[in-house]
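Here TrEMBL flags 36-68, 76-116, 117-158 as repeat 'WD'. What TrEMBL records for 308-367 is region 'Disordered'. The compositional bias 'Acidic residues' annotation in TrEMBL covers 336-345. The compositional bias 'Basic residues' feature in TrEMBL is assigned to 349-367.
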Amino acid sequence: MAAQLELVAGSYEQITFGYRVKTGENEWTAKADFTHHAHTASITAVAASERFVVTGSKDETIQLYDMKKRTEHGALLHHEGTITCLEFSGTSHLLSGGEDGLLCVWSTKTWECMKTIRAHKGHVTSLSVHPSGKLALSVGADKTLRTWNLINGRSAFIKNIKHNAHIVRWSPDGDRFVVVVNDKIDIYKLETASVTGSITNPKRISSVKFLNKSILVVAGDDETVRFCDVGKAKWVCEFKAHETRVKALDSLIVDDFCVLLTASNDGFIKMWKMHLKEELESPTLLGEVNTTARLTCLAVWRPSSVQPITDAPSEATTSEELARELAKKKRRIQETTEEVIVEDESQPKKKKKKKKKNHGGKKSVKQ
């Protein structure tokens, strides 16, 4: 397999690392491709689409990188406070959440901030875009889980939870999602928006990633990575991945196996090969690279990805209605062209005032 892959990691040392991966059947090697010191504070989030890589930082900026042209693309200036989470919706939009409680929707064509929503009272701690591109989940420091309809631009529903969650993730089929509070994972079903099971990790959880619709990989404040069957809500496998705590996870499917990527405070990024069969076995090490930095976040860049569908649901107002709407049509590959609009649903509506045009800024960077 000769696919083009790049590992991109952020660090406490303010540096973004890029490693070009050479793939083989039983061994992968990662060669340093670039290091970039565009941020003035530690890097907190990284996300990749088929063309761009973005990094967010405590310096309140989002830095853009054009991976096809291999150039720095500028900076997005809109949030006040730390950028806490970043996620692409297909190739057309980027969603960002911050310490300021804002959730911003950016166009990847113009890099303008299309809409700003005051999503939470307090920090937005995590967000996740539904595989269809129609919905987004967010959790924040106000003990709420919020679902945003990205087509009609409204809050779909709000669920009060007892604690401040710090991670939320959709499953690849969009039928389930998980909410993480400290060391506990609550598994929700979209159709009912209710908890179908819970499982507790021995340590506080730092990162989770669905490998398929039923297997969730979990990393926390120790050196062990664990695998959870979300249908049964039980641990099915675990292995020692690093010498210190694992900070970030990512994965990709290659041919007939899965590659799990782990990044740790020990500075290492490791690539693991595993087969997603009924009886999970511990993965085997494909390769590793030592960045010599304290890593905080990780993403894998590939020059191709599946695009979401864009058929707008009707005015669904409950989780059951949303589930039915999403199940009506099969997913198909196409370019996202529909404008994403999100209104501020967290405060009473006021009379409209004239708005300044520049909601977000794009700062040019000298090459």
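Glycine is treated like the rest: Cβ placed from N, Cα and C.
Bear in mind that TrEMBL entries carry predicted annotations, made automatically and left uncurated.
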Counts by DSSP class (helix H/G/I, strand E/B, coil) across the repeat 'WD' (117-158): 0 helix, 25 strand, 17 coil
Residues of the repeat 'WD' (76-116) by DSSP state, where helix covers H, G and I: 0 helix, 25 strand, 16 coil
Residue distribution over DSSP helix, strand and coil in the repeat 'WD' (36-68): 0 helix, 19 strand, 14 coil
For the repeat 'WD' (36-68), the mean pLDDT of the predicted model: 96
